Amino acid sequence: MQEQILYEKLNKRLNDLEKLPRLKENKSIESHLDEKGVSRRDFMKWATAITVMLALPGSFTPLVAKAAKLSDRLPIIWLHMAECTGCSESLLRTDAPTIDSLIFDYISLEYHETLMAAAGWQAEHNLEHAIEAYKGQYILMVEGGIPSGNSAHYLTIGGHGHTGEHSAQLASKNAAAIFAIGTCSSFGGVQAAIPNPTGAVALSKVTNKPVINVPGCPPSEKNIVGTLLHYILYGTLPALDAYNRPKWAYGRRVHDLCERRGHFDAGEFVEEFGDEGAKKGYCLYKVGCKGPYTFNNCSKNKFNSHMSWPIQAGHGCIGCSEPDFWDTMGPFEEPVANRLYSTVFKGLGADATADKIGVGLLTATGIGIAAHAAISKFKNPKDGEE
Ligand code: FSX
Ligand code: SF4
Ligand code: F3S
């Protein structure tokens, strides 16, 4: 019954969106995908995967496909602040275009500094025009940390010499929804790492409006596109965790979804890179994996056309979707016990176990079980469900 009510609600939202004019070329998504060699079958398979990812029932797949088709109805403004552009690259640079990257071609991207041809005065004019023309309707996506306050001038862009802070505030003001794409925009990221010479902050610190954070350095293309499709489907904010991350993507630890988890539970660890354990794909906890403290769905989505992800490639998770991970998760190739982890996580339980692992007090199997028990106590601080 609940499912039926939700279905009808989302369907109505999509029917209303369908009445809006296409903002770009008058071409359907089917012909757009067809030109790139993507069949309808592949498209529906993709829609099924996104439906699962958004934790919707399988019967909602046609709605997700329809939301993708209507992604050219909502104008999008994408701003770059202080960052490496890895977030855009995550979406766009694949050896063969994925459906996610093709959706990105298809959406009505009114302004994106990396992709547009305009530069200088022209670019500035395009931004002002997009903000004015689509007042109250556009989705704002921002990549990068934002040098702010007295340090705002460290990021000065364009002919008028506006600061990034100014542009982000201006664009936030009339946006219908705001997404911080990547850890830099969500939490400050590498720019904001101690000593933070440019005074970089998260997008949420320069606007009073709600910001949905889509962290990861970079985030996967699926989490970016999924967040967009979720908004197209619902028109409202998704359920968020303590750090304003959508729960459908960041509701579980990397550790909970990890393919090496069986080895962790069995106490089978890589002791140093290149050893026998590494060859056997053992758990990377002792060589610094921060998967137990990191909330993200990387093992499901992977990167590079779903090819691999950090732990599959043989390196531990460095906690890239967590606030202040540059300052709190390092050294990246050492377990947390090698420093005063409790100063960061305030005695939530993980440090005591890490100590035991570090000095080898337990037998191999015991390590896994005890570590598991203690790490399970580590909770997303404001997330009552975990
Ligand atoms: Fe930051 Fe995105 Fe890391 Fe880079 O731009 S999240 S540095 S991957 O690209 O913002
Ligand atoms: Fe996977 Fe890391 Fe957890 Fe080991 S500690 S199971 S490698 S997430
Ligand atoms: Fe980042 Fe860890 Fe995933 S480093 S990409 S959150 S595995």
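Cβ coordinates come from backbone N, Cα and C, glycine included.
Unlike curated entries, TrEMBL annotations are predicted automatically.
Here the domain 'NADH:ubiquinone oxidoreductase-like 20kDa subunit' (84-230) is broken down by DSSP into helix, strand and coil counts: 67 helix, 27 strand, 53 coil. Taken from TrEMBL, the feature domain 'NADH:ubiquinone oxidoreductase-like 20kDa subunit' covers 84-230.
Annotation comment: TrEMBL describes Cys84, Cys87, Cys184, Cys217 as [4Fe-4S] cluster 1 binding site. Note on Cys84 ([4Fe-4S] cluster 1 binding site): other Cβ atoms within 10 Å of its Cβ, all shown chains, come to 16.
According to TrEMBL, the domain 'Cytochrome-c3 hydrogenase C-terminal' annotation covers 250-332. Helix, strand and coil content of the domain 'Cytochrome-c3 hydrogenase C-terminal' (250-332), in residues and according to DSSP, is 31 helix, 6 strand, 46 coil.
Annotated [4Fe-4S] cluster 2 binding site per TrEMBL: His255, Cys258, Cys283, Cys289, in sequence order. A C-beta separation below 8 Å, combined with a sequence spacing of at least six in one chain, links Cys289 ([4Fe-4S] cluster 2 binding site) to Cys283, Ile311, Gly316, Cys317, Pro335.
Per TrEMBL, the feature [3Fe-4S] cluster binding site maps to Cys298, Cys317, Cys320.
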Residues flanking the [4Fe-4S] cluster 2 site, with Cβ no more than 8 Å from the Cβ centroid of His255, Cys258, Cys283, Cys289 and excluding those residues themselves: Val254, Arg260, Arg261, Phe264, Leu284, Tyr285, Gly291, Pro292, Ile311, Gly316, Cys317
Fewest-neighbour residue among binding-site residues, criterion Cβ within 10 Å, set Cys184, Cys298: Cys298
Local confidence of the prediction over the domain 'Cytochrome-c3 hydrogenase C-terminal' (250-332), expressed as mean pLDDT: 96
Cys184 ([4Fe-4S] cluster 1 binding site) versus binding-site residues His255, Cys258, Cys298, Cys320 - nearest by Cα: Cys320
Closest of Cys84, Cys87, Cys217, Cys298, Cys320 to Cys258 ([4Fe-4S] cluster 2 binding site), Cα positions, binding-site residues only: Cys298
Inter-residue C-alpha distance, Cys87 ([4Fe-4S] cluster 1 binding site) and Cys298 ([3Fe-4S] cluster binding site) (nearest angstrom): 14
Where the C-beta lies under 6 angstroms from ligand 1, the matching binding-site residues among Cys84, Cys87, Cys184, Cys217, Cys258, Cys289: Cys84, Cys87, Cys184, Cys217
